Amino acid sequence: MADWRYEEHLRTPVGRGDLPRGGHDGVAGGAACGDLVRLVVAVDGDRIGGAGFVAEGCGALTVCGSVACELLDGASVREAASISVERLADGVGGLHPGKRHAAELVADALHRALGTAVARDGAPGGGAARGTLVAMSGGVDSAVAALKAGPDAVAVTLELWRDPENDAESSCCSHSAVRRARDLAHRMGMPHLTLDLRDAFRAGVVEPWIADHREGLTPNPCVRCNGDVRLDALLDLADRIGCATLTTGHYARTTDDGLLRLAVDPGKDQAYMLSGLRPASIARLRFPLGGLRKPQVREIAEQADLPVAHAPDSQDLCFLAGTGHSRFLARHGDLGDRPGPVRDAETGETVGEHRGAHLYTLGQRRGLGVAAGEPRYVVDTDVASNVVTIGRRERLLSDRVVLRDLVLHREPWRVDGVKLRYRQQPRSARLVEAPEPGELGRGTVVLAEPLLRAAPGQTAMLLDGDVVLGSGTLA
Ligand SMILES: Nc1ncnc2c1ncn2[C@@H]1O[C@H](COP(=O)(O)OP(=O)(O)OP(=O)(O)O)[C@@H](O)[C@H]1O
């Protein structure tokens with residue numbers, strides 16, 4: 001027999017149709033399952049100012065919406081962010097497994113609404129700062145970072161990408177990753193917020209990535225995402241929720257004077273992805289994994305019984321998961337295949353056909369479809385004439401790299417190393433031309449030994465030993 005509370009919520013639902021003015025929407029469900037819930041939450045300072053919902057579909061959805069509104073009544077933002085699927089189900093003495101779906105949808109709608117309400121109306125600098133804001137992607141690294149975050153931590157997951165064809169569901173950008181992260185945080189007893197950054201991500205990361213391909217560049221969207229999109233939004237949220245610092249699962253370290261430092265594990269180091277950050281942002285970041293190696297991280301996760309202890313590492317750009325590079329450009333950037341000639345740099349002859357110059361990058365060796373005795377590399381791509389030129393390795397060797405949009409946080413003479421690709425160890429180098437520290441400009445790096453040229457659009461990270469002094473973009 002159903003719990004009396006279930007019947008009570010069904011008969012007289014709390015907050016049904018009673019949507020607070022000035023509140024923010026969270027919607028979950030839809031045509032696929034026939035259940036749809038819209039929850040509206042208003043935030044006043046660090047408390048919930050009001051909550052209401054409308055639901056279409058099964059009765060359990062109305063019941064869970066009603067339980068959510070009851071729990072939200074008079075709650076602080078942190079208490080609201082702690083409302084888990086379990087709490088919703090417990091509110092009616094447990095739910096039949098077939099009805100759990102309703103609690104999950106209501107939790108999705110609630111946390112979407114709450115995240116938007118806090119991001120827009122939360123009190124900046126309100127209350128004494130306590131604890132850290134932990135960025136959880138649903139993967140093992142950020143779960144372990146969360147374990148090490150200390151008391152009063154609040155977790156947040158960014159919803160960055162949702163494709164109409166659902167193609168990135170397995171990646172850290174996707175909605176299933178948001179659910180996974182929220183469940184993990186709630187298991188650890190941590191409040192969790194969802195922040196919908198899809199518009200900013202599309203405008204600030206995906207569109208420029210497509211535009212760069214159109215121009216024949218090889219962009220680095222992770223650097224842009226970390227710098228301009230997600231960390232700024234996360235630090236703003238930290239202010240609004242009353243957290244002094246931001247903790248992430250990046251493999252990187254910081255120095256006492258506010259600069260980035262390479263991680264202990266060279267195979268996992270992610271300082272490159274963060275090298276565009278301003279020192280003011282770096283000073284607020286905490287990287288608990290910077291001194292650990294990946295097997296140690298998995299061991300910690302296993303000991304804590306985290307279900308993601310053996311989750312695979314993310315391999316590709318998050319928004320490409322399940323789609324692939326060329327298909328994504330065709331679908332989202334109208335940059336379909338455009339066959340053209342592959343020329344040999346030595347002879348000038350056409351030696352094959354490529355799929356579109358925008359799909360190739362300097363230094364690329366595989367996927368050229370050209371049989372030659374000795375290895376051939378892409379030595380030039382020209383999107384205007386749609387020609388890809390290949391040649392011997394020596395054609396790509398260079399000891400000079402020109403950078404644009406270069407920013408240094410210390411004097412140029414300190415630079416003694418550079419990293420030109422994510423998966424490349426730092427190389428000895430010095431700067432012979434550079435803007436003043438803190439100013440944006442052009443610069444020239446001279447390498448101690450010639451190196452295969454990296455593609456225009458890639459990031460160059462400048463180092464003094466293992467300390468990151470700044471970064472620029474290959475011109
Ligand atoms: N969607 C997201 N929401 C919140 N934080 C995120 C998100 N994606 C990444 N992060 C944060 O950035 C860090 C580095 O992200 P990256 O995409 O490189 O993940 P990763 O190394 O695969 O880590 P994880 O195992 O936590 O997914 C994560 O550990 C996490 O702290």
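Quick reminder: no glycine exception, Cβ is built from N, Cα and C everywhere.
In TrEMBL, annotation is done automatically, which means it is predicted and not curated.
The model shown is predicted, which means the values in this text are computed figures rather than measured ones.
Per TrEMBL, these features apply:
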- 8-115: domain 'NIF system FeS cluster assembly NifU N-terminal' (DOMAIN)
- Ala135, Met136, Ser137, Gly138, Gly139, Val140, Asp141, Ser142, Leu158, Gly249: ATP binding site (BINDING)
- His250: site 'Interaction with tRNA' (SITE)
- Cys318: active site, cysteine persulfide intermediate (ACT_SITE)
- 418-473: domain 'tRNA-specific 2-thiouridylase MnmA-like C-terminal' (DOMAIN)
- Gln458: site 'Interaction with tRNA' (SITE)
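For the ATP site listed in the record, the two most distant Cα atoms among Ala135, Met136, Ser137, Gly138, Gly139, Val140, Asp141, Ser142, Leu158, Gly249 lie 16 Å apart.
Of Ala135, Gly139, Asp141, Leu158, Cys318, all annotated as recorded positions, the residue with the shortest Cα distance to Gln458 (site 'Interaction with tRNA') is Cys318. Taken residue by residue, the domain 'tRNA-specific 2-thiouridylase MnmA-like C-terminal' (418-473) breaks down under DSSP into 0 helix, 34 strand, 22 coil. Each of the recorded positions Ala135, Leu158, Cys318 was scored by the number of other CB atoms within 10 A of its CB, and the lowest score belongs to Cys318. When the domain 'NIF system FeS cluster assembly NifU N-terminal' (8-115) is classified with DSSP, helix, strand and coil residues number 48 helix, 28 strand, 32 coil. Just so you know, the Cβ of Ser137 (ATP binding site) picks up 24 other Cβ atoms within 10 Å once every protein chain is counted. In this structure, the recorded positions that sit close to ligand 1, with a C-beta under 6 angstroms from any of its atoms, are Ala135, Ser137, Asp141, Leu158, chosen from Ala135, Ser137, Asp141, Leu158, Gln458. Spatially close to Asp141 (ATP binding site) yet at least six residues away along the chain are Gly249, His250, Tyr251, Leu289, Val297, judged by Cβ distances under 8 angstroms. According to DSSP, Leu158 (ATP binding site) sits within a strand segment. For the recorded site, Gly139 (ATP binding site), the DSSP three-state label reads coil. Comparing Gly139 (ATP binding site) with Cys318 (active site, cysteine persulfide intermediate), their Cα atoms are 12 Å apart once rounded.
Taking all protein chains in view, 21 other C-beta atoms sit within 10 angstroms of the C-beta of Gln458 (site 'Interaction with tRNA'). In this structure the C-alpha atoms belonging to Ser137 (ATP binding site) and Cys318 (active site, cysteine persulfide intermediate) are separated by 11 Å.
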